[in-house]
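Novice: Below, the features straight out of Swiss-Prot:
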BINDING   59, 60, 61, 62, 63, 64  NAD(+) binding site
């Protein structure tokens, strides 16, 4: 990425990017720009941020399976370490992408093994609150929810919603506008 591209992405001018990066030595090459992966690795080392965050996936339907196949750890510092599904689901007891799929009723026992307080929720809307309650009771403190319902959680639990319909509508709006 060029210094101009980096500057636009973070809202500063390109001269500031070049000057600030120069304090750390030669991070880029004139005319070629910066290798973003190398920059991220470089700054992660400086900030001592080399740890990987373990994440659990709850719901192994179509969306869940797609996320199991996504290589989070290759692009950033996150890794899905285990998945959970309804107790009677045939996927329970199997693995996908070397990720074990457990019964949701086992989450309390498995959460310490996962070494995670973060879950991705991809369950049907009608089950979202029930499953969220189970996650919270098991000690989960952060939930990325793909279910289009507002979840009720205690104040110490953070929920981030991914609403694909809203994102698509926003995209279409800007396509028509531009």
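Each Cβ is built from the backbone N, Cα and C atoms, and glycine gets one as well.
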Novice: In the structure shown, which of the binding-site residues 61, 64 has the fewest Cβ neighbours within 10 Å?
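Specialist: Taking 61, 64 as the binding-site residues, the minimal 10 Å Cβ count falls on 61.
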Novice: Note down the number of other Cβ atoms within 10 Å of the Cβ of residue 60 (NAD(+) binding site), including every protein chain shown.
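Specialist: Neighbour count, Cβ to Cβ under the 10 Å cut-off: 23.
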Novice: Quick check: which same-chain residues outside 59, 60, 61, 62, 63, 64 lie with their CB within 8 A of the centre of the NAD(+) site CB atoms?
Specialist: 65, 66, 67, 122, 123
Novice: How many other Cβ atoms sit within 10 Å of the Cβ of residue 62 (NAD(+) binding site)?
Specialist: 9
Novice: Near residue 59 (NAD(+) binding site), how many other Cβ atoms are within 10 Å of its Cβ?
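Specialist: Counting Cβ neighbours of residue 59 (NAD(+) binding site) within 10 Å gives 26.
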